[in-house]
Structures are given as C-alpha cells and as structure tokens.
Amino acid sequence: MKCDSIQTTICQERKKDPIEMFHSGQLVKICAPMVRYSKLAFRTLVRKYCCDLCYTPMIVAADFVRSTKARDSEFTTNQGDCPLIVQFAANDARLLSDAARIVCPYANGIDINCGCPQRWAMAEGYGACLINKPELVRDMVKQVRNQVENPKFSVSVKIRIHDDLTRTVDLCRKAEATGVSWITVHGRTVEERHQPVHYDAIKIIKENMSIPVIANGDIRSLKEAENVWQITGTDGVMVARGLLANPAMFAGYEETPLKCIWDWVDIALELGTPYMCFHQHLMYMMEKITSKQERRVFNALSSASAVLDYLTEHYGILLPKLY
C-alpha cells in the first residue's frame with residue numbers, strides 16, 4: 001500500500017464528507033470502481049474535471065489482508081485523492097473488517113461489491129451473488145461498524161436488482177437497518193449486460209429508502225447524468241464506461257478535449273503509470289476523436305515514447321520526451 005507520506009489523521013480532516021455531499025441537494029458525480037482503470041492516476045484526472053467522489057477498483061479483501069504485495073499493488077493514494085471510497089470484494093465479515101481497518105486512515109469509507117456479475121467473482125462468493133445473501137451483508141456491515149472507530153467512516157454497498165424488485169427493496173431496507181451509509185444501484189439484473197437500464201426500478205428503490213441512493217448504468221454525458229438524477233430522484237450518479245471514453249464528461253464536454261489528453265499524459269507519467277494502462281486509457285479517450293485508420297495506427301504503438309511522438313505529430317501537443 002503506497003500512500004506518499006500520508007498522515008494517519010488526513011481522513012478525519014478531509015473537507016468533503018460524502019454523506020454531506022449527498023444531502024446538499026446537488027447532483028453528486030461519481031467515478032465508479034473499475035478493475036484496472038479507476039486507479040490513482042485516473043482518479044486524479046477525473047477530479048480535475050468536476051468528479052466529486054471516486055472509488056478504487058474492486059479489491060479482494062482476503063488477498064489485501066493477507067498479502068503485503070497485494071496491498072502495495074492494489075491500493076495507492078495521495079493527499080489530493082479525496083474523497084475516496086475503497087471497494088472490496090468479500091464474503092467474510094472478519095476479513096472485510098480487517099481490510100477496512102487498514103484503509104481507514106487513508107479513505108472516507110469502504111464499499112461492499114454486491115453487483116459484480118462475473119463468473120469468477122460469483123463462484124468465489126463475491127459480487128452479485130450477495131444480493132441473495134442479506135444476512136451475510138448485514139454481518140459484514142456490522143463487523144466493520146464495530147471494528148472501525150471513526151464514526152464518519154462510511155460503509156456502503158453496490159448492488160444489482162432482482163427480477164422480482166420486491167426482493168431488492170427488501171434487501172435495501174435490511175441494509176439500511178444494519179447501518180449502511182448509502183446504496184448504489186446498477187439498474188440491471190445479474191443476467192443482463194447490454195439491455196436497457198431499469199431506471200424505473202432505481203426510482204422505486206429510492207422511494208423506499210431514507211439513506212442516499214446512487215444511480216448507475218449507461219450514463220454517457222453530463223446531460224444524461226442530470227436526466228437520470230432527475231427521473232430517479234436519487235442523490236447522485238455513478239459512471240464507469242462513460243468516463244473511460246471521456247474523463248471530462250462531468251465538466252460538460254461531449255467528447256474528450258485535447259487538454260484532457262494532455263492532462264492524462266502529464267499525470268500518468270508523473271505517477272509512473274505502467275505503459276499498458278497508460279496506452280489503454282488513451283485508446284478509450286481518443287476513440288471518438290480519431291478515424292478508424294488513425295485508431296489502427298495508434299492502438300498498435302508499443303512504447304510511451306512512440307505515443308508522445310504520435311500526439312505531438314498529429315495534435316501539435318508539445319510533450320516531454322522520455323529519451
């Protein structure tokens with residue numbers, strides 16, 4: 001776990017408490033947990049473009065607790081990386097609470113992944129299978145609450161919906177009674193992938209809850225975010241792929257501006273982002289602003305130096321050389 005000399009008091013001093021943000025009456029704009037992608041460099045970028053709250057990628061709590069190597073590779077932060085929620089995949093209350101205690105000094109809260117539909121996660125008892133195990137979710141929330149002393153430390157959950165929405169409402173009510181800080185709802189069932197998002201279901205869930213509810217699913221622009229916020233009555237919106245394609249989305253840009261690309265290069269190089277990640281993010285960002293032929297050439301580049309040369313040649317962006 002790399003924390004760039006963070007003091008253990010920083011979390012208590014963070015000026016933006018997510019709970020207070022959700023009760024502000026303003027749209028809270030959130031970067032979703034994205035495996036491989038929502039790491040420190042990308043979080044730093046989207047925060048420059050009006051993102052209010054960021055999540056880490058999903059981290060397996062058991063590995064995080066048991067392995068120093070896992071902690072160092074999976075969780076990196078710094079003083080500007082706030083407010084921050086660390087998302088864990090977990091199926092054991094004790095291991096989750098141990099993981100929460102480790103990150104507590106460096107984050108505003110943790111989130112329990114109850115929505116990942118990937119087969120490996122569900123086979124391990126993580127992710128979306130937990131929407132059918134409300135007692136386990138209750139136990140995990142209670143254990144974290146008992147073990148983390150900071151009363152402002154949030155414990156949230158991210159879920160998918162059931163085919164029978166009454167089961168989802170029941171799950172959310174039980175989670176609320178247990179002390180969950182807020183709930184993020186991805187408006188699809190476990191089986192659904194690219195089908196339309198059930199925003200009507202998110203609205204019904206929100207109407208049955210007293211705690212904040214966050215809407216998630218297929219939001220590609222600030223206008224869409226504002227629309228979903230209005231029609232669901234939720235307290236914020238969470239975006240994944242829309243931000244990958246356009247990290248400046250929350251600032252109102254319809255496509256990635258060149259300034260944002262320049263910012264990404266600057267941030268990624270400064271933080272030592274591995275080339276594969278550095279390049280992949282640029283591939284996402286530039287998809288809408290490049291032709292098919294240009295993408296074919298750019299996507300085949302194999303070094304940071306080649307990427308910098310390409311950007312300088314095609315977009316006149318003057319960037320530092322790596323050689």
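Yeah, the Cβs are placed from backbone N, Cα and C, and that goes for glycine too.
Automatic, uncurated: that is what TrEMBL annotation is.
Noted in TrEMBL for the protein shown:
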- 31-294: domain 'DUS-like FMN-binding' (DOMAIN)
- PRO33, MET34, VAL35, GLN87, HIS186, ALA240, ARG241: FMN binding site (BINDING)
- CYS116: active site, proton donor (ACT_SITE)
Residues near HIS186 (FMN binding site) in space but at least six apart in sequence (CB under 8 A): GLY115, LYS158, ILE159, ARG160, ILE161, VAL197, ASN216, GLY217
Greatest C-beta neighbour count within 10 angstroms, which of the recorded positions MET34, VAL35, CYS116, ALA240: CYS116
Neighbourhood of GLN87 (FMN binding site), C-beta criterion under 8 angstroms, separation at least six: PRO33, TYR55, THR56, PRO57, MET58, ILE59, ILE110, ASP111, ILE112, ASN113, LYS158
CB contacts for PRO33 (FMN binding site) [other CB atoms within 10 A, all chains]: 26
Pairwise CA distance, CYS116 (active site, proton donor) versus VAL35 (FMN binding site), rounded so that it is a whole Å: 11
Among PRO33, MET34, VAL35, GLN87, HIS186, ALA240, ARG241, the record's FMN binders - longest CA distance, Å: 17
Other C-beta atoms that fall within 10 angstroms of the C-beta of ARG241 (FMN binding site): 15
Arithmetic mean of per-residue pLDDT over the domain 'DUS-like FMN-binding' (31-294): 96
